[in-house]
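To start, the structure itself, in structure tokens.
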Amino acid sequence: MSRTFVGMPVFPPPTHPAFPEAARDAVHNHTLRSNLRHATHTIRAKRARAVAELSDWDRLREAGRLIKDHTLRHLDRYLVQLEESVTAAGGTVHWAVDAAEANRIVAELVKATGESEVVKVKSMATQEIGLNEALLEEGIRAYETDLAELIVQLGNDRPSHILVPAIHRNRGEIRDIFRTEMGAWGRPAPDGLTDTPAELAEAARLHLREKFLRAKVGISGANFMVAETGTLVVVESEGNGRMCLTLPETLISVVGIEKTVPTWQDLEVFLQTLPRSSTAERMNPYTSMWTGTTDEDGPRAFHLVLLDNGRTDALADQVGRQALRCIRCSACLNVCPVYERAGGHAYGSVYPGPIGAILSPQLRGTASEIDASLPYASSLCGACYEVCPVAIDIPEVLVHLRERVVEGGVAVRQGNKVVLKPAKGHAAERAAMRAARWAFSHPGALRTGQRLASRTRRLHPRTLPGPGRAWSATRDLPAAPAEPFRDWWQRTRGGKDGAK
Ligand code: SF4
């Protein structure tokens, strides 16, 4: 069967709509809502139990925050130390300022091996830079080997969760994807495949095994990089990652610069907090660590591509830089009421949920409609901060970024041109504030207005007209009371000042 191979769509598509628009379909999709609700509630309950087992959880959380803050403050020093350690251990370090440079470096490294296909362990950094698509343009096919990533790739879909990229799919949908798509990518699904987890896992295992045994080049990300020894760490649950990291002759790791930790002692903290926060496990099932290359064991060549791609801009922001502490556990997604209803695709980024709402606008800037809308994709309830194992104050950063959006404006496409316009609601918000200031400084007019509102309350519209329509489309307008508070106070308490 001939087939045009496509990579996963690049994030964000150039015309990705703003969050409210992108979320509209998702909130009306009952299957998606049900899949998400079931999955997030199950994981969040398990996480709460796993965390409650530790009497020193708060101290671990604080230690994680301090280690990350210290490392970020001295990142220049630790990155140089990391490069020296990796080089001394037989690896080669490449520095990539942005996605284009990282993709070019990786494509050239793969081409130098003479290979035209690679296996990949789940890596958010390579999704962020659109590596699969860039490799495809160079005639190189990338095969995802993480089970959820495989489902996403076979379904020509997009990941919607940090830890469970196919969280929006149920078992029946996965069975159908395997049945119809696997054969086009390699070994087909077994005849009569059902939707039982064991059969689906076996189908994926057989499909992937032939790719692992054939692949000469592996591509990975990393959860941590230890500067003192140049050791990289991948934390995963299936063992597929370990096959990718050990079987190929050449290993290329693309890692964001913020994943550095100074020492093994620092790593110890995160190896306790990450599994409990992500999969609610006391200890992670497969924690793979490698330091350069070793004779007669594992890859013969190791390349580390250190990725900036907006991270140093985020680092320069005193409030926003805390987002770089993130260890991608996804706990904040699983407790977020907005994510639970909107799903991950509406965020227009490989980083969905609360962390995506503060990370994407910092990595990509707030000029596009989607990035300008992300800081508003939150009720500021603070549940994300409560569960974050490195204490990122996500609501604080959201408010900070809203300020940036209001100050900076939004780039809007007009025909072939992109023009900068004030953020939506900015002018209306200013007018509303001016009206409120006038009313509060004219008490007589305010009283008359309140009485008028009470007397006409049955005639009030249920939604606001004009620019206020978007605000009232998703909220109930507060009903005017039958009697204004001041009148009630005067009637029940006596004089104007409240004295009987
Ligand atoms: S922001 Fe915190 S809770 Fe969310 S993924 Fe990152 S580390 Fe986990």
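Using the three backbone atoms N, Cα and C, a Cβ is placed for every residue, glycine included.
Annotated in TrEMBL:
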- 81-306: domain 'LUD' (DOMAIN)
- 323-392: domain '4Fe-4S ferredoxin-type' (DOMAIN)
- 401-491: domain 'Lactate utilization protein B C-terminal' (DOMAIN)
- 449-476: region 'Disordered' (REGION)
Item to check | Stretch-averaged pLDDT - the domain 'Lactate utilization protein B C-terminal' (401-491) | outcome: 81
Item to check | Counts by DSSP class (helix H/G/I, strand E/B, coil) across the region 'Disordered' (449-476) | outcome: 18 helix, 0 strand, 10 coil
Checklist entry - Using DSSP, what's the helix, strand and coil tally for the domain '4Fe-4S ferredoxin-type' (323-392)? => result 42 helix, 0 strand, 28 coil
